[in-house]
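What TrEMBL says about this one:
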{"type": "BINDING", "residues": "CYS7, CYS10, CYS29, CYS32", "note": "Zn(2+) 1 binding site"}
{"type": "BINDING", "residues": "CYS76, CYS79, CYS103, CYS108", "note": "Zn(2+) 2 binding site"}
{"type": "DOMAIN", "residues": "72-113", "note": "domain 'TFIIS-type'"}
{"type": "ZN_FING", "residues": "7-32", "note": "zinc finger"}
Amino acid sequence: MSTMKFCRECNNILYPREDRDKKVLLYACRNCDHQEVADNNCVYRNEVLHSADERTQVLQDIASDPTLPRTKNVRCANCQHGEAVFFQATARGEEGMTLFFVCCNPNCGYRWRD
């Protein structure tokens, strides 16, 4: 993982800079002329870790999202409610888009795809 680097001459932060002629990544000081070759090409890494509860909560909240389209042309197989929110997304392990439905009954939240 990349850490902050500091100038050996003046102790200011070193910023990433590209040497286009040599095609290498450098860390350069903006205060003095000090620069050094980067030992790793990773400048920044953002790791997003989600728990299963966070993903489930997002899906439950979808039914109350006023920006998503709704339909009354479907019936929930779980509770027989006549309204659902729908959206398109890619399904895991499949190519192309899939139409997903989420029941609008606040006590149900059943999801299915078309």
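Cβ coordinates come from backbone N, Cα and C, glycine included.
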**Packing count at CYS103 (Zn(2+) 2 binding site) (other Cβ atoms within 10 Å of its Cβ)** = 24
**Request:** List, in sequence order, the residues of the same chain other than CYS7, CYS10, CYS29, CYS32 whose Cβ lies within 8 Å of the centroid of the Cβ atoms of the recorded Zn(2+) 1 site.
**Result:** ARG8, GLU9, ASN11, ASN12, LEU14, ARG30, ASN31, ASP33, HIS34
**Prompt:** With DSSP helix as H/G/I and strand as E/B, how many residues of the domain 'TFIIS-type' (72-113) fall in helix, strand and coil?
**Reply:** 0 helix, 15 strand, 27 coil
**Asked** Which one is it: of the binding-site residues CYS76, CYS79, CYS103, whose Cα lies the shortest distance from the Cα of CYS7 (Zn(2+) 1 binding site)?
**Response** CYS103
**Item:** Separation of alpha carbons, CYS29 (Zn(2+) 1 binding site) and CYS103 (Zn(2+) 2 binding site) (Å)
**Value:** 56
**Item:** Reported mean pLDDT - the zinc finger (7-32)
**Value:** 93
**Request:** Compute the mean position of the Cβ atoms of CYS76, CYS79, CYS103, CYS108, which form the recorded Zn(2+) 2 site, and then list in sequence order the other residues of that chain whose Cβ is within 8 Å of it.
**Result:** ALA77, ASN78, GLN80, HIS81, ALA84, CYS104, ASN105, ASN107, GLY109, TYR110
**Message:** Using the alpha carbons only, what distance in Å do you get between CYS32 (Zn(2+) 1 binding site) and CYS76 (Zn(2+) 2 binding site) once rounded?
**Reply:** 67
**Request:** For each of the binding-site residues (CYS10, CYS29, CYS32), count the other CB atoms lying within 10 A of its CB, then report the residue with the highest count.
**Result:** CYS29
**Fill in**
Filtered by Cβ under 8 Å and at least 6 apart in sequence, the residues in the chain of CYS79 (Zn(2+) 2 binding site) near it are CYS103, ASN105, ASN107, CYS108, TYR110
